[in-house]
Amino acid sequence: MAPAVAAAASAAVSQALRDRQILDAVGTGAAALSLVGSSFIVLCYLLFRELRKFSFKLVFYLAVSDIFCSLFTILGGPSNAFYCFAHDYSAHFFCVASFLWTTTIAFTLHRTVVKHKTDVEEFGSIFHLYVWGTSLATTVLRSIGSDYGRPGSWCWIQQGSMAKVLHLITFYLPLWGAILYNGFTYYEVNRMLNNATRMAAGISDRSNQSDIKADRKAFNRWGYYPLILIGSWAFATINRLYDFTNPGHKIFWLSFLDVGFAGLMGLFNSIAYGLNSSVRRAISERIDMFLPERIKRSLPTLSRLRSQQENELTSLIVEGN
């Protein structure tokens, strides 16, 4: 009987080890993709002077936060208690900062498009205080009473119920607050554009209708932005709640979706926020400078990007002097 029990225990340990290796590989791979995508946005901001406007500065800070969030995800949770402590602070800080920067973008959009204000650049210092200050406060609070012994894939995942409650309060509560705020912003801007479309149709102002249709086409991109955070963190939220109510019992497929989608947040942000028409146009113009005319004529895509005058809502945000 004893050998059978020992064999079963050994098999369970081996399976848990394999599951951990798979989850680590998935998390590292997803974070690497996010690191590449976010680094590309930062590189574009540094190389192309025409992108250094207030609206894209917010995207730049979002990308920087995603870079460090992804970087510490790739590094994983060190076994050394001190480095685990440093990892905890750093990863939590930049991941919270990442989704907080999306709320500053949403605020800027709402204030410019719905309230028709042009003073958004004056909020730059307030944005920094809000994002970095809130990230620091939640990170310090999260560290209270934590045991950095690395019982899970992350330094901050502890077995005690108090630590799990703190994790939910300091990370998932502001996360879903950001999701709700971004969703509210989308609703308000969408309602404003719908009203403007009906008014333009009522007065038969064709030029005004075409402008509003262009705005709505651009706004279709913004409509997906609240879904980025939902898609990135829905499985992680479910996994944390399940772990809180069922301690010690893990569901592998849920953990797989958790680490996979959460790790891709930076990639999703870089595609949605960063790859707008201004970035594509800047890239195509640089490529156009070095390609021979014969090759340029054979690439209609470059010509289309070069002449594209897509009216995105980001252009409605104050572009700076």
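The count begins at 1 with the first shown residue.
Using the three backbone atoms N, Cα and C, a Cβ is placed for every residue, glycine included.
In TrEMBL, the feature transmembrane segment is placed on 126-145, out of the ranges 6-25, 126-145.
Counted as Cβ pairs under 8 Å, contacts with the transmembrane segment (89-114) are highest for 165-184 among 28-48, 165-184, 222-239, 251-275.
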